[in-house]
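Colleague: Got these off TrEMBL a minute ago, pasting:
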type	residues	note
DOMAIN	267-317	domain 'LysM'
REPEAT	112-145	repeat 'TPR'
REPEAT	181-214	repeat 'TPR'
REPEAT	215-248	repeat 'TPR'
REPEAT	479-512	repeat 'TPR'
REPEAT	582-615	repeat 'TPR'
REPEAT	616-649	repeat 'TPR'
Amino acid sequence: MKAKSCMQTSSSAPIFDLQTKFSIKGSLYLCLITLLLFLLSACASRSPGQQATEPAAPVSLNETVTIITPAPRASESPYYYYTEAQIRLNRNRPLEAIGFLRQAAALDSESAFLQRELAAILVRTGQPQAALQAIRKSLELDPDDPETLIVLAGIQQMLEQDIKELIPIYEKVIALDPDRERIYLILGNLYLAQKETAKAETVYRNLITRHPDNYAGYYYLGQLLVLLGREDEALESFDTVIEKAPNLLEPYLERIKILSQRLTRSLSVEIKKGDTLDALLAKHSGRPTPALRIQVMALNPQLEDTNHLEKGKKILLPPRENNPEVTAIQQAYTDLLTMNPESVEIRMDYALFLYQTGRNDAAMEVMALLNLDETREEVIRRIFSVFAENKRYKDAIFLLEGLRSQEPENGEISYALGLVHEEMGNREKARSFYASIDPANPVFRKAVIHLAYIDSQSGNTDKGIEILEKAHSINPDDATLRLYLGAFYEEADRLEDAADIFIDSLEKDPEDHHIRYRLGVVLDRMDKKEEAMEQMAILIEQNPDHANALNYLGYTLTEMEIRLDEAEAMIRRAMELKPGDGYITDSMGWVYFKQGKPEKALPYLEKAARLLPEDPVILDHLGDAYRSLGKINAAVEAYKKSLQFKDDPEVREKMEALSQKTETLP
């Protein structure tokens with residue numbers, strides 16, 4: 001039987017903490033809106049058996065709505081107009097219904113019910129301000145109607161009014177009708193939002209006292225007790241939820257979190273002077289064994305060297321056998337997986353818990369069960385998002401190794417392991433995983449790019465090119481391989497080869513913007529300016545928002561000192577697309593400089609130098625602007641910095657000339 005999930009919870013992060021997350025943020029808003037929609041749908045209800053119609057599109061708060069109000073008939077009663085309004089609602093014509101309801105309310109100005117109905121439809125058509133006026137009119141007529149008070153609070157919530165204004169409304173609802181169970185939950189959450197925990201606890205306890213079968217009351221009380229540090233009472237509340245709603249996941253998850261936090265605290269030991277790992281293990285965990293030492297590394301993924309423990313730091317030590325909290329946590333996971341055996345998140349959490357508590361074989365078996373075609377991709381994605389991206393590499397590797405334990409040749413898992421090891425800096429280990437993938441496997445095309453990159457990083461670009469050339473010969477139509485092979489040719493200054501493969505790629509796909517841009521850059525490096533500019537112009541025609549192409553063409557025109565107005569427009573558009581780009585910012589300043597506007601150029605060039613403080617060309621441009629404005633010392637400093645990163649004879653000549661000039665100044 002698949003378990004339901006209808007609550008939201010918060011969580012802390014001890015070492016054994018669940019990665020299955022339920023966020024409490026926004027739950028209050030959800031409760032209010034859900035309740036409001038429930039009430040408003042009840043107010044504008046259909047006749048039994050009547051088919052629902054699609055709701056009308058909401059009206060903007062700023063939109064003027066023209067509502068046709070039918071001419072009154074003296075012989076007709078308010079009930080006639082109310083009935084007509086219901087007919088219009090059933091035909092999905094709410095704006096017409098508003099007109100009839102207004103007429104009914106005009107004929108029966110003492111009817112609180114009609115004003116409340118009007119408010120409900122005004123909310124439905126996106127007019128909360130008008131709805132607020134109607135519901136306030138209803139309250140004037142009947143200030144003690146709970147339904148009206150609830151709708152008032154809901155509308156105020158839609159208008160994002162102060163939470164403090166909602167609290168007395170809900171308090172009054174409970175005082176008038178103490179059997180409205182949902183209102184207790186909303187009121188308790190409002191008090192929590194105001195950090196009035198004592199009042200929130202009173203509300204929840206009043207709810208479960210009056211309605212002992214309301215499991216939600218016990219659940220939210222349990223969450224509050226966790227916040228207050230009253231863990232034993234919280235466990236009792238969650239146990240009650242499990243007793244009353246045994247198919248809910250959340251109370252089991254909350255129990256695991258509490259027990260995990262307790263277990264983490266009980267295993268935490270502060271390292272003192274002279275402590276060794278074996279001595280600590282003997283004192284707290286049992287006779288030191290290789291398995292226990294491995295478990296220490298699992299519990300402390302940031303611990304690099306177990307032979308040198310740092311005084312004052314805390315370390316988690318493995319629990320002794322038959323630890324009652326370990327047993328309780330394991331039982332909770334067993335219950336969860338019995339209810340929801342298909343949950344990837346719970347099964348992964350359980351595997352990690354087993355790994356951290358020294359049951360590696362059992363953890364591997366749990367992960368191996370997830371290595372199915374329908375779940376593998378989700379599992380790998382989750383391992384990366386939860387563990388690898390948070391630099392929990394050892395946990396990620398263990399989980400991935402468990403996933404491949406029954407299928408060591410699986411290419412997807414090998415690729416994932418290669419990525420984690422590469423991220424850790426273990427290049428050779430990463431290389432072995434990438435190289436183990438069958439070339440016939442589609443993921444191999446991605447793996448060879450990483451293989452080539454590892455070789456390039458190791459100073460062996462030629463070997464990387466050889467790998468990519470071989471992969472390209474097997475998969476000649478793979479555009480990504482062609483792009484990377486061309487890029488590696490560029491890096492190795494094999495520009496003719498790079499241009500050839502890019503041209504070949506464009507013959508297969510003339511719309512490939514990445515390839516066309518790289519071809520333009522290569523042609524520029526080959527001093528084929530006209531051809532490079534032609535490629536960039538084609539690219540801009542294909543994609544007018546290609547910022548790099550706009551910048552390239554604009555900067556090139558600027559360097560050639562032709563069509564400067566056109567160059568300025570291109571660079572300005574590139575700036576709009578990539579406002580924080582240092583190179584484009586430099587281009588903007590440089591085109592102004594070439595237009596003879598150094599005072600307008602200077603702010604852009606200074607900003608570019610801040611964004612890219614080690615770029616010699618930008619620093620050279622900045623020096624030219626300072627020199628043009630007569631800021632000799634600043635110009636010398638900019639040229640000097642430029643020469644630190646690249647020894648350019650022209651820049652040196654400009655600097656020396658200015659230096660001599662400053663020496664001759666009085």
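Using N, Cα and C of the backbone, Cβ positions are placed for all residues, glycine too.
Just so it is clear, the model here is predicted, and its values are computed rather than measured.
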Colleague: What are the DSSP helix, strand and coil residue counts for the repeat 'TPR' (181-214)?
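Modeller: Once the DSSP states are binned, the repeat 'TPR' (181-214) shows 27 helix, 0 strand, 7 coil.
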Colleague: Report, as numbers and ranges, which residues of the same chain sit near the repeat 'TPR' (582-615): CB under 8 Å and 6 or more residues beyond its ends.
Modeller: 547, 551, 554-555, 558, 561, 564, 567-568, 571-572, 574-575, 621-622, 624-626, 628-629, 638, 641, 645
Colleague: Roughly where does the repeat 'TPR' (112-145) sit in mean pLDDT, to the nearest integer?
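Modeller: So the average pLDDT across the repeat 'TPR' (112-145) works out to 89.
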